[in-house]
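Listed in TrEMBL for this protein:
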ACT_SITE  His411  active site
ACT_SITE  Asp462  active site
ACT_SITE  Glu471  active site
DOMAIN    28-484  domain 'Glycoside hydrolase family 9'
SIGNAL    1-23  signal peptide
Amino acid sequence: MKNNISSKFMLLLLLLSVEIIHGSYHDYTDALTKSILFFEGQRSGYLPQDQRMNWRGHSGLGDGWMVNTDLTGGYYDAGDNVKFNFPMAFTTTLLAWSVIEFGQYMPPSELRNALVAIRWSTDYLLKTVSQPNRIFVQVGDPVLDHNCWERPEDMDTARTVYTVDAPNPASDVAGETAAAFAAASIAFRSSDPGYSDTLLRTSTRVFDFADRNRGAYSDNLNIRDGVCPYYCDFDGYQDELLWGAAWLRRATQSDIYMNYIQENRQTLGADDNINEFGWDNKHAGLNVLVSKEVLEGSVYSLQSYKASADSFMCTLIPESSSSHIEYSPGGLIYKPGGSNLQHATTITFLLLIYANYLEKSSQILNCGTISVNPTMLRKIGKRQVDYILGDNPKGMSYMVGYSNYYPSKIHHRGSSLPSIKDHPQFIACREGSIYFNSSHPNPNVLVGAIVGGPGEDDVYDDSRDDFRKSEPTTYINAPFVGALAYFAANPNIS
């Protein structure tokens, strides 16, 4: 038992003493700028004149024609050319949450760029719910798309539109879309109140659709083969209903939504999977979000959500008896399943938000016999940020374009194929294979992209073929925007 405590203590020292061990310096403001710039490389639709990622061109300009609806715009989720609305809406919620919690730390120019990144998505998402009792959940046939290595500007695969009409269920996508609109309405409240009002009105309508037509969108047989296994709802739709209601409560302060998350806590499984947070499972984020009501507003009827948030935070403390989160030998949070850095960035984001909530209410976190103050949570978060930016056994930044050593062969079609600006000739579906198989670095640098990253052994091979490690996604970057904003203003956590 003594050896076990000793090993946990040593790991805690490793995580909290990064400045001593590495003696490194990071330009968090530069990283913040690049993390937001990344989203311009993921844009679909007609690009504006102030587009800064200038190797990209217009794409997907006919999206929606099959259903006589304009569905242009939005983001490609990763290194392919499909618009998956489930992770896109989650990305949008986290970008908006980044602005809500950490916008005050951003330089004015980057706050403006962050709002532009949010609006590029919300403008598109508004189109997907523009028709009564209908939600468009995806554009692009992923099977055909993934069989091609093709620039988005060239894509000639089917732009199939996947639709859910009431009374068929789509609680997950609709619930997350409602959350995105509600969160974005708060982010835009001071700079564009008219747009904010539009988002909030739409959020309430879309949430009603989600609540009335309960069930997972991937259970609809007419679209299942297109959304699964890519962004299938594996963890159930109930968390998105609670998540959407919680964001509407935050945006409106209406007791209707507070009562909803209070009265539906058990029936919608609020106590399930409380240690997960990502595009498919919202529980840990839900609990942190609702905890603000308890910590700062003394709404004790929601105490169970705070208890779950406390429990989750304690699992991240290596010295805690409840610790179960794995760390790599180099100190990276590791959770099995998919790209690992999606876990590291979302968990870091929640650590920093919860630290702020605790500090504002002059409280600490009790993890058994250990008392954890906000600074300890921030140090753990900072260790993850620094690891991603280069303080790791490989000495590599896992953010493309940050520092002098970063992944150069990422799994990303637009980045790896010649730019439409340099090579305007059409490159067909199969003709792109030579670029996929090339040993040369990608010709277009997708600045700010955070790749899937290493796993439990800190190993990373710069290989286009290993998509779990080398593919960036919008939902890896989105929470990192908030984390970088915090550390840009508070670089010396002591």
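Glycine residues also receive a Cβ, built from the backbone N, Cα and C atoms like all the rest.
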Quiz item: Which one of these active-site residues, Asp462, Glu471, has the sparsest Cβ neighbourhood, judged by other Cβ atoms within 10 angstroms?
Solution: Asp462
Self-check item: Glu471 (active site) and Asp462 (active site), Cα-Cα, nearest whole angstrom
Solution: 11
Self-check item: Rounded inter-Cα distance in Å - His411 (active site), Glu471 (active site)
Solution: 5
Exercise. Ten-angstrom check, please: count other Cβ atoms within 10 Å of the Cβ of His411 (active site), all chains counted.
Key: 24
